[in-house]
């Protein structure tokens, strides 16, 4: 399959913006350059006229729980631990594989329609999440969440390992797998060491929640005499590739550890704000060389999966927190949501930029609209002015999965109907 995108304003993220074409063959970008300069030997099977559109790499949602779309609006305005123990965990105990499948498809629709092409997910019944990903056409890094203090901890680890063996590299390479220890307060050091050993054997990374709340910091300090970051260093977790969600409360020593170990951080500003967890020291992390991407967290604590809005929030929150309007400029935020996210997930050799050799994950934004005019700076427009409705066309791995805001891979009405029924049944059963 050969696809040609013509006459777009291209923001490749790597290198300067230009007006031109992007040519794709067998899912890979083979040309990105000025209009009319595509090699004469390239014969497109399909051509998209992107006049009046901006082309960017697909957005990368570095941390979410896709099936929790089913709990959107169910448990709001509560502290994190009360939210988990009183509301979320009881209803999660009722979830079936079918429930998680429909919740994940609902999340997939929402992500595609807001420009996300790749997401990192930690949950359970992950075979059904992977099935949804395969069907809807997204790219994803998936892991089974592991609770070390549970009576089923060993079984969960075995299931997590089996999931990796089944799905890592599946869906024509669109699905990658990790192991997912939930957090230091649910996974004691002895259990974490088992997870680390398994990740070494399977040669995959780890996805964990770290330093999210002050309560977590105080609990870990009381139990182990150190910060969660220092505890992870001591257990050997950081000897493996790690995706650390949140990292809100960090000392300078913590930041140095993250930088030295090459830990990837998923910054989730809206979830952190909604749960009053705090403001992550993103500026200090970036200055120290920590890899930072952007995530939404789950729709139960955000309450959407809108990476367009998340970019704007990330930029504005750091400016007001630092008292400095120059920090996190638009171009850097867009980079964090694309190439930066790819680095955090260990996928930088495949996605994140519009360069020859990369997989063709492309978003076309319709910009000939009042709120995106005049065209002084499209990078700034995407961060400060655009909305999810401006996403017109989405391409994943060279396949057009949404055109004119219509998702082509699944029936949207069926997904909405099934998700609504599922969510109502769950809440009525609690």
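Cβ from N, Cα, C; glycine included.
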Residue in 152, 209, 399 which Swiss-Prot records at the Zn(2+) site where 63, 65, 297 also bind: 209
Recorded substrate site member, picked from 201, 212, 218, 335, that accompanies 92, 144, 182, 297 in Swiss-Prot: 212
Those binding-site residues of 63, 209, 297 having Cα within 10 angstroms of residue 144 (substrate binding site): none
Residue among binding-site residues 92, 297 with least C-beta crowding, 10 angstrom cut-off: 92
Assigned element (helix, strand, coil) containing residue 63 (Zn(2+) binding site), judged by DSSP: strand
All-chain count of other Cβ atoms within 10 Å of residue 212 (substrate binding site): 27
Which binding-site residues sit within 10 Å of residue 65 (Zn(2+) binding site) - Cα, from 92, 182, 212: none
For the Zn(2+) site built from 63, 65, 209, 297, further residues of that chain with CB within 8 A of the site's CB center: 64, 122, 245, 246, 266, 268, 271, 295, 298
Greatest inter-residue Cα distance in Å for the substrate-binding set 92, 144, 182, 212, 297: 21
